[in-house]
Each structure stands twice: as structure tokens, then as C-alpha cells.
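Residues or ranges marked as transmembrane segment by TrEMBL: 6-32, 44-68, 74-101, 122-144, 164-190, 237-260. For 24-290, the entry in TrEMBL reads domain 'G-protein coupled receptors family 1 profile'.
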Amino acid sequence: MTLDTVSILYISAEAVVGLTSTVGNAIVLAAILRTRRLHTVTNVFIGGLAVADIAVGLAVAPLAALSFTGRPHNFYGCVLVNSLIVLFTNVSVFMLLAVAVERFIAIKKPFKYQRLLTIRRAIMINVAVWLLGTASGLVPLYGWNTGNYNIKKCQFIKVIPLNYLVYFQFFGLVLGSLSLMLGIYIYIFIIIRRHSRQTHALYKSIRRSVEDENWRQASETTINHILNNDVRVAKMFVLLITLFCLFWLPINIFNCLLYFCPKECKFTNEALLVAIVMSHANSSINPLIYATSNSSIKKAIKVMFGCSLSVNESCTDSNHTPIHRSSMKISLGVVHTHRLSHDSHQDSQISHQVLTVDPRLTLKAKVSDAPSTNPRDFTR
């Protein structure tokens, strides 16, 4: 079989996507597994997303290129190959939805968070997400296929019916899940904004009674760190969801055009191939988001590649002020800190602290059993 220029470019693009997806996400996953303080509930879901993206790099991109060449020639083999492409898409969507629910619980039920979501339960949710993604992705194998058993050349559109792609896959699973995520994150930002106003109002009322300027600056800096961390965690996942929509929307639009106006709507085969590559390339972008938006993962990656953070100043940002606030007391200009014994919840989580004033005008931050956040995760 002789390949034309378009075919060579498409297969080459899929190869690049497969390589970058596998390597980039493997680095992120290795950084999480190797670094004990990254063993948190949120990072369990980030690891689950990384595994799904590795699968895209190892399986989906090569299988898409294989299907493009017309292989395999067996009907059910062709259905399986193309169903796997759908399967890993579903896993990514369900994993993003699971993260949104996790963030919702952290905001809505902060004092019950550690009891509701442990590392073990997060792993079980990951397994459930993979089972659900597998079950929904392999629906064509169960019988929802074109039934075109006499195909001589494997093509996605010849074995996977458009009504399945449009109604079940796009309208049902993808848009349904994304709508839920949108509602959850809107609620999260409303709550964070409300907490921000309440906290600053409390700070201002206490500030009037305290004359020590050092105490004022220290307490204001700490409060700003707390609020900024909550926003940054949510923003990182909103960015992941936004990029997912941008990269996957074109191919789903083409599927809708093929289904609703197969004759009237015209587009080139090259445009369709670009949309397919874009959908797979989303898995190559995610590691960049983790590494740039989550400073703990970024630092762990640097350490993994031999960058000594204690010696080489270039490994850190000069404007970073580390504050451990698992348990914190701010008193007359001195910030006293010590860690909770529960290491698994010290990083990358949203914390909610109840601020009270004792008779000696000492500001104390009483930490409940809610998850704590290390500002170093998101301030670099």
C-alpha cells in the first residue's frame, strides 16, 4: 500500500502525539509516585488522568494510525480498535468529573472531608471510573455498531454508528458531564469568593485592635496565601476542562455535521484528520498544565531530574515565601507553624480555618479535621 503525503503527515502527527503523551504523563506519574508528600487525594485523581493519557499515547494514537491504513480487516477487530479510542476519552471525562466532585466536597463539607475522602477511597473511585469508562466505551462491541460484517477496509465511520457518537457519546456522556462540572465549579468559585469576603472582614475588625505593624503584615500575608491557594487549585482543573473542550469540540462538531446534514455540510478530509489529531493531542498538553500550575509536582520533577533545590537557587522562585499552615498560630508579629501528623493531607487540598480572638488579642487559627493546604504547592 502506497501512502500519499496527507497519510504520511497524519501518521507522523499521531506518532509525535503518542510519544509526547506517553513520556510527559509518565514523568508526572513518576513524580507523584516517588514523592511521599504528593500522595494526596487530589493527586490520586491527577495520577488517574495521567494514566489515561499514557494509555492514549501507547494505544489510541497508534491504533488510530492503524485504522487509518485500513487494518484490521476483521469486523470485530475493527470495532475493538475504534472502541478503545472512545474508551479512553470516557475515562478522561469521568476522571475530570470525579475531581470536580472531590473539590465540591472539600468546599461544601470541609470538616468531614478527611473522613469522606481518604487515599484508599480515592483509589477505589479511580478504579470505578476506569470500569465505567470501559463499559461505556465498549458499547459498540455489545451490539451498537453498524453491523457491516463485509468490510474490506477498517474505517471508524464504517463500524461505529454516528447515532452512538452523537447522542450517546457527545450529547449524553461528554456534554452531560461537562455541564455538571461547569455547575460545580461555578458553585466553588461563589463559595470561595464568599469565604474571601468573610475572612478579610474578620481580619479588618481584628486589625483595628492591634497596633503591632509586623503582626498585621504577617497575618495579612498568611490569609492571602490561604485564599489564593483555594482559587489556584480550582483554576488548574478548570483549565484542564477548558482545554479538553477546545481539543475535543472540533471532532464532535464534525460527527454532528456528518449525522445531521451528511449531504449539505461539506468539509475536507484534511480538516477531519486535523480534528482527530487535536483530540489525541489533548493528552500531550495535560502534563504541561500539571507542571506549571502545581508547584509541588513541578518541584518533584526537578528533583527527579537531578535539580538540587537546596543548592541551586534557579530551581526555586525568588518571590516564594513558604508557609506551613497545617496548624498555625499568629501572635504579635511571630508566625509559629508545625505540621499535622497526617502527611497525606498536607498538600494540594483546600483548608478552611475558623479564626477567633482570645482576650490577649492573639489571633489563632484553629484547624479542624478538614484537609490542609501547603501554599508551596501553588505559589511558585
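Note: Cβ is positioned from N, Cα and C throughout, glycine not excepted.
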Intrachain neighbours beyond the transmembrane segment (237-260), with Cβ under 8 angstroms and 6 or more residues off its ends: 49, 89, 92-93, 96, 99-100, 103, 157, 162-163, 165-166, 170, 174, 178, 181, 185, 267, 271-272, 274-276, 278-279, 281-282, 285-286, 289, 293
Same-chain residue ranges lying at least 6 outside the transmembrane segment (122-144) that approach it to Cβ under 8 Å: 41, 44-45, 47-48, 52, 76, 79-80, 82-84, 86-95, 98, 102, 159-161, 164, 168, 173
Chain residues in Cβ proximity to the transmembrane segment (6-32) (below 8 Å; excluding those fewer than six residues from its ends, i.e. six or more beyond): 38-39, 43, 46-47, 50-51, 53-54, 56-58, 60-62, 64-65, 68-69, 269-270, 273, 276-277, 280-281, 283-284, 286-288, 290-291, 297, 300-301, 304
Integer average pLDDT (0 to 100) for the domain 'G-protein coupled receptors family 1 profile' (24-290): 84
